[in-house]
Amino acid sequence: MKKGIVAIVGRPNVGKSSLFNRIIREKKSIVEDTPGVTRDRIYGTAEWLTREFIVIDTGGITLEDQPFAKEIKVQAEIAMEEADVIVFLLNHQEGLSDEDKMIAKILYKTKKPIVLAVNKYDKKTSDFDQYEYMSLGFGEPILISATHGIGTGDLLDDIIHQMPSHEEINKDNRTRVSIIGRPNVGKSSLVNSLIGEERMIVSDIPGTTLDAVDSVVKVNNIEYTLIDTAGIRKKSKIFQNVEKYSYLRSLTTINGSDVVLLMLDASVPISDLDTNIGGLAFEEKKPIIIIANKWDLVENKEKEILKKEDEIRAYFKYLAYAKILFVSAHDKTRITKIFTAVEDIRTALDKKIKTSVFNEVLNKAQLINPAPNFNGGRLKIYYGAQVEAYLPTFVLFVNNPDYVHFSYKRFLENQIRLQFGFEGVPMSIIFRERK
């Protein structure tokens, strides 16, 4: 399910990055770091009032060696294109500037919800004239100190209040399939082959070659939205306006997808950039299919396929649940299997396991492989149940969660996948002490 997107916009030195860090720290659940996965500092997930949303720090994508006006233009473009809510941040210590007024004119044209926040406010020493800021036309400002946390709760309350509902954000009822990968792995060629193979394209949604371009295709009476993202490049290469914009579009496209196709070039070795791109989808907990493209360029295919699969599994250990398909977009070899794999994932996402059946599998798993001693005791699982379907989530009631060894958790996950068919779908297993 797509999350809402919040963009923090403002001129330099108003505290955008400080506010970004403050909001991200407000998230109550901390996700464990995973080897091979990197998180870009301009993009993060937060939670407030049980609502998860994505935060974009436009301060993290300022242009180098560019005039100030172009920097503001890039920030506004990103906000207009991607955000569901825009936080317009001002600096109380410096007051309202001409640059602030220029940004306000740009943001006013977006017709999107604007939350006006005035940062660097110290209520003990500062005078405040709210009418000066209300003259911008965005209503009453919220006074905050991002550094000290003053007023950030009120700000988050207003953000959630202004954000569209889950239903409105996810109003496209087609299965949204995004195709991600580094440049030149054949993403656009694959989309063209899929559309050409089916010969049933419904429409093309206009975009540019640097944007994520949507195409709608119908297969077996099921409509899919295929999203071809611009190639994600190494961060060190992302200097120009268009490249930074493209990178951010790829990140937000992953957020809006139901299934992600991670494309690799099977004819060359896997790179760190490939694994980092896969990590973007992994962190968003998206169902993933790994597409090894350009298989037509590989010689001795029968001999090489096992080697290549082992290489992929070694580099993408955190995507052990993902299915691997070897295809050629150029000669259309095996590309129809992609839709079959997507439908398998759709089925898995809708699957709800009966508690009685689930516990039978759980008991058999413990007989096959009893839990080892760990942290001074042995894990005993009393019973479990599925509590959520879309991201399959299982709660297991145990004697002590501290006795769970990571390898045994992985064993249980593999058994659940094997018995119930959750290939390609991320899964969550929660251990709770029985009371």
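In case you wondered, yes, glycine gets a Cβ from its N, Cα and C as well.
The GTP 1 binding site annotation in Swiss-Prot covers 10-17, 57-61, 119-122, and the record cites sequence analysis as its basis. The DSSP secondary structure for Lys16 (GTP 1 binding site) is helix.
Taken from Swiss-Prot, the feature GTP 2 binding site covers 181-188, 228-232, 293-296, and the record attributes it to sequence analysis. In the three-state DSSP scheme, Gly181 (GTP 2 binding site) is classed as coil. When other Cβ atoms within 10 Å of the Cβ of Gly181 (GTP 2 binding site) are tallied across all protein chains shown, the result is 25.
Marked as domain 'EngA-type G 1' by Swiss-Prot: 4-167.
Sequence annotations record features per position, and here Swiss-Prot assigns domain 'EngA-type G 2' to 175-350.
The domain 'KH-like' annotation in Swiss-Prot covers 351-435 and rests on sequence analysis.
Reported as a whole number, the C-alpha separation between Asn13 (GTP 1 binding site) and Gly181 (GTP 2 binding site) equals 34 Å. Comparing C-alpha positions, Gly181 (GTP 2 binding site) sits nearest to Thr58 among the binding-site residues Lys16, Thr58, Tyr121. A helical conformation is recorded for Trp295 (GTP 2 binding site) in the three-state DSSP classification.
For the pair Asn184 (GTP 2 binding site) and Tyr121 (GTP 1 binding site), the C-alpha distance works out to 48 angstrom. For Lys187 (GTP 2 binding site), the number of other Cβ atoms no farther than 10 Å from its own Cβ, over all displayed protein chains, is 26.
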